[in-house]
Amino acid sequence: MLHLSEKPHFIYTCLMLLAWVSQYVSLSTGFELNHSLTYIWPLPHELTSGNETLTVNPTLSLYLIGKGGNFKILREGFRRYKRIIFKQSSGVSIFKNLRRIRSIYDISQMRIIVNSDSDELKLGVDESYTLFITKTGGKSIAWEAIIEVNTVYGALRGLETFSQLCAYDYTTKSVQLSKAPWYIKDKPRFAYRGLLLDTSRHYFPVDVIKSIIDSMSYAKLNVLHWHIIDKQSFPLEIPKYPKLWNGAYTKWERYTVEDASKIVRFAKTRGIHVMAEVDVPGHAESWGVGYPDLWPSNSCREPLDVTKNFTFDLISGIFSDIRKIFPFELFHLGGDEVNIGCWNNTPHVKQWLKDNNMKPKDAYKYFVLKAQEIAISKNWTPVNWEETFNAFAGSLNPQTVVHNWLGPGVCPKAVAKGFNCIFSNSGVWYLDHLDVPWEQIYNAEPLEGIDNESKQKLVLGGEVCMWSETVDTSNVQQTIWPRAAAAAERLWSTKSALSAGNDTVLHRLHYFRCLLQRRGVQAAPVTNYYARQPPAGPDSCYWQ
């Protein structure tokens, strides 16, 4: 029997022993792949696999066939994925006697067949691909990897899938491909699979934006919605109105037109569109730092002054300049959270409203429709936040894409009136809401409440939104990932494919989070109560 004075020591000893045993069990058991699962994220449309393990030659060569075989995008993409796949097997070991050098590999060549001779990147471009990992001629001991596509962008998606099938084996020190032979026939469920990045609340250097674009391609997201400008700062150079970027936080937190062009070109090589947003008439206080006449008054600095021709001349000038940078056919005009009462409290605006027999809500509609006209004149399709639809749906240009954010139920109403819609319900797909777990993001359905097949086609897709009030370079990737991957699979994979593997999603998401980390993406633990928190304690990447 223990004395009272001995109990604390005994309890401490027991706890330490328990901790040691649990750590031993954790270290000794390790993470084992569940071979019944498909460790591809997002899940492909259709696939079959076998049970053979193959080796992949680190000198893997590319053989291009078809009309699109000469595209630089494809050759650069192959080299990029080759660096990812063979990152660990390309070094020189100082322990030569321990290094196993193979002379024969199962897969030494990648054949890509491209049927289209166009590399134009438009919304709805064919991203489908068929990937074969099969024996040459069916009976030979040699294997081959084949990707057959209609466009180079389908080839990029196929290369991403191929890269996820490959894994470095630390025992043989070689890259292996398990569960061969493979047949994968894949295509996206939605044409628009986006991520919004807000560079007004916090500035992100160009290289950081590029790293985010790279990470998007790993999850097959294909639209960067660049929310460049807002109330807080105007970081973009506009040559026609050079004082606009006086509204940047500092002279070092700016994007030149060359910077923006580099970002768009970089994104295209990953098959990613860049949709710019210039939010009007609200969220625009920073504009007046360089051009104070845009403010209705010093006490009413937004919405922009609706009474002046200069306001719309300047908007037209901005659109003309940035149209040269952003070729994507969609252009976001904002239109949300407009404090129209501010106009009514400004004497000259109040008089203008009276002269034109308008109320502030009429002026709001007038401003949005005029901005739409300007955008359409530049050969853009306008996208507006849902407040415009909620306020005056009957007056919006029929081309308008309604962007949902306030909650559920908007896309069903929008498509019922013949509008296209983008789903971004803030309750589930706003990544700055740190208490929204991955399951809620994963289970959100863009087509909820839309049963008519023809109306379903009007939903272009959806996007997760990374508003940056509390995000900067120090924490942006771990706030985006891995939760954005949950939406990415919802937007790419068919509902039937997802329902077949829904019980094992967490297991696969852990694996994908670790894949992101191996590629240098600072993806946070999957199951933390608050997103982007560091791990609670020691453990494997595959369990956190």
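Note: Cβ is positioned from N, Cα and C throughout, glycine not excepted.
According to TrEMBL, the protein carries these features:
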ACT_SITE  Glu337  active site, proton donor
DOMAIN    40-165  domain 'Beta-hexosaminidase eukaryotic type N-terminal'
DOMAIN    190-494  domain 'Glycoside hydrolase family 20 catalytic'
SIGNAL    1-30  signal peptide
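Note on the residue listed as 'active site, proton donor': other Cβ atoms within 10 Å of its Cβ, all shown chains, come to 13. Residue counts of the domain 'Beta-hexosaminidase eukaryotic type N-terminal' (40-165) by helix, strand and coil are 31 helix, 40 strand, 55 coil (DSSP-based). Across the domain 'Glycoside hydrolase family 20 catalytic' (190-494), the prediction's mean pLDDT works out to 98.
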